[in-house]
Amino acid sequence: MPEPTKKDETETESAPPPPEQKTSQEGETGKGKVWSIGEGAPEETEKRDDAQRSTLFVEKPQSGSVSVGGNITFIAKVEAKDLLRKPNVKWFKGKWMDLASKAGKHLQLKESFERHTKIHTFEMHIIQAKENYAGNYRCEVSYKDKFDSCSFDLEVTESSQAAPSIDIRSAFKRREVKQQEEEPEVDVWELLKNANPSEYEKIAFQYGITDLRGMLKRLKRMRREVKKSAAFAKGLDPAYQVDKGGKVRFMVELADPTVELKWYKNGQEIRPSAKYIFEHKGNQRILFINNCSMTDDARYYVTAGDEKCSTELFVRDPPILVTKGLEDTSTYVGERVELSCEVSEDDANVKWFKNGVELTNEPKSRYRIKVEGKKHTLIIEEAAKNDSATYSVMTTGGQSEAKLSVDLRPLKIQLALEDQTVRLGQEIHLKCEISENVEGKWYKNGQLVEASDRVKLYHKGRIHRFVIASAAVDDEAEYMFVPDAYNINIPCKVHVVDPPKLHLDGLGEGNTVTVVAGSKLRLEIPITGEPTPKVMWSKGDKWLTDSGRIRAETYSDSSCLVIDTAEREDSGPFRITLKNEAGEDTALINIKVVDVPDPPQAPNVTEVGEDWCVMTWEPPANDGGSPILGYFIERKKKQSSRWMRLNFELCKETTFEPKKMIEGVAYEVRVFAVNAIGISKPSMPSKSFVPLAVTSPPTLLAVDGVTDTSVTMKWRPPDHIGAAGLDGYVVEYCFEGNGFSQGISTDLSEELLEPPFNLEADEWIVANPELTDKTKFTINDLPTGSKILVRVKAVNAAGESEPRYHPQPILVKEVIEPPKIRLPRHLKQTYTRRVGETVNLVIPFQGRPRAKVSWQKNGSPIDKNDINIRNTENDTIIFIRKAERSHSGEYDMKVEVENLEDKATIDIQIVDRPGPPEVVTIEDVWGENVNLSWKPPKDDGNAAITGYTIQKADKKSMEWFTVMEHYHRTSATINELIIGNEYYFRIFAENMCGLSEDATMTKESALIAKDGKVYKYPVYDDFDFSERPLFTQPLVNTFAVAGYNATLNCSVRGNPKPKITWLKNKVVIMNDPKYRMFSNQGVCTLEIRKPSPYDGGTYSCRAVNELGEAEVDCKLEVKVIYHGVINPGEPFFLAGNNQLHSKDF
C-alpha cells in the first residue's frame, strides 16, 4: 500500500495540508516481500531525523538479482576530498539487522581507499546466496554531522541444483487440510504493539499480513506520545482494524463544535459519497467507510482549525480455506498428470510447492497451473522419473499436500545387437529395437560415445542405430546400448581386420635417410595391420635384435631403427619386413652417415701491413661427405686466449685479408672449414706476426750551414711514426753531373718526395753509415765548389720510409752573410718593468759565418754577475731574474761578421711607486674652504708623477675620506667643509705604478669657525641599554600531525644578547638530530622533524644573560590520523590490510 511521507503528528498548519507525496515504490516492495524466519525485527526508532542530510555517496549500491548458490557484490563509494578522516559506514538488512555482526563465510565486508582520486570504496560480498538472503538492504554513511543512506533490493532466484534453505512443509504443518474452526477475532494492531520485535514475522505469517514494513512504520507513528489537543476533546484511536468488505467508524469529539472539520486519506481530502458517510452528533463528528477494500488500508487524519488528529486503518483479507485437498497419484513416465484442489473463493491466491520449493507458472516451466473459479490444477504434460515428489498447495487459511509417484513401464528387447567382423575402411552398422520409445546411450568398452562427424547415432521410435562409415583399427571394441531410466544393456562385439602396411611417406627420395656422424639415429616407421604384424629388420645377411648399438624397437603402431653414435661404416641399405595373418609388406631404407670436414692445415701469412695482413691456406683433405661451403677465419693476440671471428659470411676462397689490427701487437690466425653438416675443428694457429708500417718521410728538410768542405742539413721528424717507433735517419747525397733534371724547382720552400732528376739508386752516397737519431747532420769532406743534392730517410723496424729531397742543388762554398739585428717591435720603444719583475729579452739576428755579439750599458761593459747574457748562432738573450731600479738604462748590442757589423739600442726602464710629497701647508682658511699647497716628492719612482690624492679627516674621529683624486697641481682648495669642525689633511703622490706607500699630513689642523657667539655643546650622559631577558611573544600550545614537521616560535629581547636554551619536559635538548634550533633578530624557532606521538609533551624556551633569565613553555600534542570502523584505533597506514572473518550469518 502506498505510504505517505512521515510528518510530525503535532504539527500545526494554518490551512488544510496539501496532498502528501507518496513513495509507491517503497509500498510495493513491502507488499511483495516474504521475510525469512529469523531475520530480526525493525528498530524502534527511524533514521536520524535530526542529522543533517548531505550527499556523501559518489556511487550508490544498486539492486541486483542472483541465483541460489551464486555470488553478488554491492559497491558504495564515498568521496573523501573534504573529509579529515574515514567516514563511518554500516550495512543493514531491512531496517534492523546490522550485518557487521554477520560477517563470515557467506558475507564479507571490505573497504579500500584510492589516494589519487581520494575515494573510499566499501564492498559487501554475498557468497553462495540462499533464498532467505532476499530482501531489502540499506547502506548508511555518516561523518560528524553529515549523514546519507541508500536502500537497495536483492532478489534470489530459484536454482534447480540448489536445495531449499527452509522447509516450507514444516512451516505449513500448523494448518489442517480440513475446514478450520471459527476463532475469535484478533486485533493485529494490539498484537504487534504488545509483541516482542522478534515475533513480528511470525504474527505477519499467521494473520496473512503482506505489507509488514508499512504496518511497522505506522505502528511506530502510533507509539509516539500525542500532545494534548485544545481542539479535540477526544481524538481518534491510534489504529482501526476491519475485514475486507466490512464497515468502519471513525469518531472524534470537538471542544468547539463550530470549528470547521475536514477528513483526509493519505493527504487527500475525503468528500461525502455512498462510500464515505459523515454524521454530526453534538460535539461528535463521525466518518463511516462502507464496503472496505484493500485500497482503504491507509493513514487517515482529521483537521480542526490548525490542529489535526491521525490514525491508521488496517484492512484485513479474510483467510482462503482449502475445501478439497490434493490426492496421492501414481503414473508412468510420459503420461499426463493433473493434481487438483478447491478453495473457498474464486481466483484466490494459491501457491504450489514441490518438496517445499515454490512452483511458478512461467512459459518455459514444465509445470502449468490452471485456475477455474475455485478449482486450481497443477498439470505435468509428460511425467518424468524426477517428477516423483511431494506436492503441496498453500493458501492464507490452509494447506494440503499429496505424493506423486512416477514409475517406468516394463521394457522388452525386440531386436538385440549382433556381433560383427569388418575390414578396415568398411561401414560398421549396429541396430537394436526395444518395446518403449525412450532415449538411450551408446558405450564403447564402457566409455560413453557421443555423436560426431564420424560417429552417427540415430533414434526413430523404438529403433536405435549406431553407424561408423569407415572402420578404423581402434573401432574394434565391445559396444553396448543402455536405455535411459532402465537397468538394461544390449551388448555386441565388433572385430576389425587389416593386412600389414609400411608407411614410408616421410622418407626422402629413394628412401634415403641422412644422419650426422656421432649423433643418434632413431628412425620411426609407421606400420598398420590388424592383428598387429611381426616386424623384422636386417642389414645384408645380418638380422637386427632389440639390443646393441644398432637395434630395432617395435611398438603397436610403429617400428624404430635405432643407431647409437652413428659411424661412417653404418652407411648402407637396411630391410624392414612386416608379417601377419592377413599378408606381408617389405621395403629397403638407405642410411647415409655424413660428418663435418677435417680441419685445414695451418694458414700462412704472406704479407703484413700497418693494420692488415694477407693469409692463405689449403682445403681440408676430407670434406666429411658433404661439399665444402666456405671458411670461417679467427684471430687472436698472441698473449690472449680469446679468439675473435673475422667474417660472418662464409669465405669462398682460400685467401683472406684480416684488417683493423693494432700496429705493433703480435697476432695469430686460424681457419675453420664449413659444410652442410657443420663447422670443422679449427686449424693449427699460424706463426705469430706483428703488423708494422714504415714512418712517413721527414719534414722541413733545409740547409743549416755551408762551408768550403761541408754542408749541414736539418729537418723535422716525420708526421706519422707508428707503433714500430723511429730508429734513426739515413742521410744520402749525390754530386751534380749525370741525371739532373732540366726542370729543377726554384722554390726553396717546396718539399719533394720524388727526385727532380733521374738518378739510379747506386749513385746515391750514404753520408752516415750508422743511423743518426738527431735531426741535424753535417756532410763532411766535400770538394769545394761542387754541387750536391741531399735526401733524408726515416728508418724503423718496418724499414725505410720514403725519402725527403732538398729541392735545390747545394753549392759547397762558404758564403758571407752580412749581420743584421732583427729587433722585435716592442723593443723599439722604451721597455718598462716594475721593480721585482723578471726581464727576459730574446733578440734574433743574422750573420755568417761566426757572428760575434757584444753588449754595453750606458757605454760601459755589462756586469755578467748582475745581468745574464747568452748568445747562440741565431739570437742573443738578456736575462734579469729580479729587476731593480739600477737596471734602468740604454743597452747597446753589436753583431760583427769579419769587417761588417750591425748595432741596436734597447731602452730599459725599471719603475717603482713614488715617495710622498714634501711639506703640506695650510695656506688659508675662510668660510667653508681651506687652501693647501705642497711640493712634489723627491723620489718619483723612476716614472713621471701623474697626479695626487687628497684626503681629509675630522679631528674627533680621525677617519680619512678622499676629497680629490688624480689631481695634477701642487696646490688645491678644499670646499664644503662643515662649520665648527676641525680638519687635518694628507696627500699621496701617484705615478704609473700607483699611489705612494706613505702620505704627507698637515702638521696643524684647520678650524672651520662660525661667525658670532661660540655655541657651547651640552654634555650628555651615555644611555644605558642593558636589560634582562624578556619574552615579547610567548610559546603557544600546538597540535601537530604525525609524520609532518612542526615548529615552535617565540620572541625575546635583552641586552647583552641572551643565550637561548630549549627544554623538553624540563630536560635540555642537546645534540639531537631530530631538533633544529634557529634564532634570528630575537625570534627563536624550534623545528621538530617528522614528530611521532612520543614527541608530545611540554617544551620550554629559556633565555639567560648576566642580568637575569626568563622562561616560557607550551604543550605539544602529536595526532595520528586513525580509521575506526573495522579496527578502532588502527592507524591509517594499516587500514585495509585486514579482512573480517566469521561464520555464516
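Here the Cβ of each residue, glycine as well, is placed from N, Cα and C on the backbone.
Those TrEMBL annotations? Automatic predictions, nothing curated.
As annotated by TrEMBL, region 'Disordered' applies to 1-52.
The average pLDDT the prediction assigns to the domain 'Ig-like' (318-405) is 87. Look at TrEMBL and you will find 318-405 (among others) tagged as domain 'Ig-like'.
As annotated by TrEMBL, domain 'Ig-like' applies to 500-590 (among others).
The domain 'Fibronectin type-III' annotation in TrEMBL covers 599-698 (among others).
Each residue of the domain 'Ig-like' (819-907) gets a DSSP state, and the totals for helix, strand and coil are 6 helix, 52 strand, 31 coil. Annotated domain 'Ig-like' per TrEMBL: 819-907 (among others), in sequence order.
Among the features that TrEMBL reports, domain 'Fibronectin type-III' is placed at 916-1011 (among others).
Residues or ranges marked as domain 'Ig-like' by TrEMBL: 1029-1113 (among others).
With DSSP states grouped into helix (H, G, I), strand (E, B) and coil, the domain 'Fibronectin type-III' (599-698) comes out at 0 helix, 35 strand, 65 coil. Within the domain 'Fibronectin type-III' (916-1011), the DSSP-based counts of helix, strand and coil residues read 0 helix, 47 strand, 49 coil. Counting residues per DSSP class in helix, strand and coil order gives 6 helix, 54 strand, 31 coil for the domain 'Ig-like' (500-590).
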